[in-house]
Amino acid sequence: MESLTLQPIARVDGAINLPGSKSVSNRALLLAALACGKTVLTNLLDSDDVRHMLNALSALGINYTLSADRTRCDITGNGGPLRASGALELFLGNAGTAMRPLAAALCLGQNEIVLTGEPRMKERPIGHLVDSLRQGGANIDYQEQENYPPLRLRGGFTGGDIEVDGSVSSQFLTALLMTAPLAPEDTTIRVKGELVSKPYIDITLNLMKTFGVEITNHHYQQFVVKGGQQYHSPGRYLVEGDASSASYFLAAGAIKGGTVKVTGIGRKSMQGDIRFADVLEKMGATITWGDDFIACTRGELHAIDMDMNHIPDAAMTIATTALFAKGTTTLRNIYNWRVKETDRLFAMATELRKVGAEVEEGHDYIRITPPAKLQHADIGTYNDHRMAMCFSLVALSDTPVTILDPKCTAKTFPDYFEQLARMSTPA
């Protein structure tokens, strides 16, 4: 297996313009494909997940052109639901941001379409979304294991009264919200359980509004969507920088700054993961906010005990930042780590122990006490981009760290290690 050993880093300083947000990129691509008119998307993320969405749209007859660096996409909308010319199988890798929204959107047509992906995708639950779509008339079969992809879709979604479980993934609600305006009937969506990652729903609602569709939101517990609507291209749309990707650089600034400035997001960002900066501030770093940037300056870091349900992806970065904080850090209400690219609670606990930390892994929490001195270890990444990027922070000590399968960062940030090296002064 390929590996990358990062030597100890003495200081991190400088600025980085963030690649586009994965969450925003894939939502914007789907809405542009469903919309009337031509849309020009700029600062699109070039990564595996976005390529899976683009490949699927192409197979569904959507015409688009990409710039040489794949960050600008000119896409001609279908002016309504996506249609396949015949029976079709779409391979979506391990891209939840493609699988969930497409599973819903493709229930508007009449074609037979199979959605499948990598082995890990077949372990990521989708049953709650399928149950909700069936309540709206969709005809869906499981091809292998009940409640998991691959799925066979045969259209049939018309809207109506629908319940969705909000406790596993906000992507299920996102998928229903983006599909419902194109259904023939009005749709009322009721959310059962505690809605996880609520800020991601704000991204969805924000983008739908940009594409000309408004819905009624009753305190995130009930959404009313008029049927028979159309999305309309906004013309040009700039994709915000990825706030989850910003977390690694901001944390590096907190641990070994200097000052690190990330551009492409700021105080007006629609992504909930910008709140990661508030957590670093609580831990002792200094944060400066601009409209289009966030800067973090080193401080003496101390442990925190916090509910991280609102920023589950960025919270992973706090788990490795905790190695540099005084005291025991507890991250709570993070059960949905278990249904991501890998079981991130298990993976994080396992790898933190390798570098010497004392770790308590609960059903939905993790408690981390740093060692007096970090140990050099080979870090397993579980084909999970965030594990690789989180554990790069271990090199901000006087100990090297070896990252196994470093190319797994291609899911959201193909040149992550080059960018980190550019801003780092070796010890």
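Cβ coordinates come from backbone N, Cα and C, glycine included.
For the 3-phosphoshikimate site that Swiss-Prot gives as Lys22, Ser23, Arg27, Ser169, Ser170, Gln171, Ser197, Asn336, Lys340, the extra residue drawn from Asp141, Asp186, Asp313 is Asp313.
Neighbours of Asn336 (3-phosphoshikimate binding site), defined as other CB atoms within 10 A of its CB across all chains, total 19. Cβ crowding, taken as the number of other Cβ atoms within 10 Å, peaks at Arg386 among the binding-site residues Lys22, Arg124, Arg344, Arg386, Lys411. For the pair Arg386 (phosphoenolpyruvate binding site) and Asn336 (3-phosphoshikimate binding site), the Cα-Cα distance reads 14 Å. Nearest neighbour of Asn336 (3-phosphoshikimate binding site) by Cα distance, taken over the binding-site residues Gly96, Arg124, Lys411: Arg124.
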